[in-house]
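A.B. asks: Below you'll find the structure I mean.
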Amino acid sequence: MAIRYIRKIGDPVLRKKAKPVTEINSHIITILEDMAETMYLNDGVGLAANQVGILRRLVVIDVGEGLLELINPEIVYEEGEQIGPEGCLSIPGVFGEVKRPQKVKVRYLDREGNVKEIVGEDLLARALCHEIDHLEGVLFVDKVIRFLDKEELEGVKEV
């Protein structure tokens, strides 16, 4: 496994739409493993492949309930509304309140190619939406309702 360089805001790759994964092979598995290692090293809760310069629909997330690896994730259902703080490993030091669904259902492939669905609520719903937005070339700052100052940031981790 290897630590990947996290692309920062201003890098054009962050604004490009990622392409679907058509074959799950050892290269894709290595990318997922590298992404997870990179996310953990940087104390994040999620990372999309384009954040490490790879335009493929790959996401890793860990909101404290174990690592999720999602290949070709898509939101198939959303419900409710929540407004909460977000940050991003690609936009260090910037945080803001973003409106997201309270609950989402996401369909994806696992590393064996099996179709799976996961229902996420609260922080997991927020992380899923944030990372899937990345795959569309959308950053959380595009959706910020209000930027947060240092006094309001206690306990906020970068997604």
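Each position is counted from 1, following the chain as shown.
Just so it is clear, glycine is given a Cβ too, placed from its N, Cα and C backbone atoms.
Straight out of Swiss-Prot:
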- CYS88, HIS130, HIS134: Fe cation binding site (BINDING)
- GLU131: active site (ACT_SITE)
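Could you tell me the structural context for the features on the list?
C.D. replies: The Cβ of HIS130 (Fe cation binding site) has 24 neighbouring Cβ atoms from other residues within 10 Å, across all protein chains displayed.
When other Cβ atoms within 10 Å of the Cβ of GLU131 (active site) are tallied across all protein chains shown, the result is 25.
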A.B. asks: Note down the number of other Cβ atoms within 10 Å of the Cβ of CYS88 (Fe cation binding site), including every protein chain shown.
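C.D. replies: There are 27 such Cβ atoms around CYS88 (Fe cation binding site).
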A.B. asks: State the three-class DSSP label for CYS88 (Fe cation binding site), counting H, G and I as helix, E and B as strand, and everything else as coil.
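C.D. replies: Where CYS88 (Fe cation binding site) sits, the three-state DSSP reduction gives strand.
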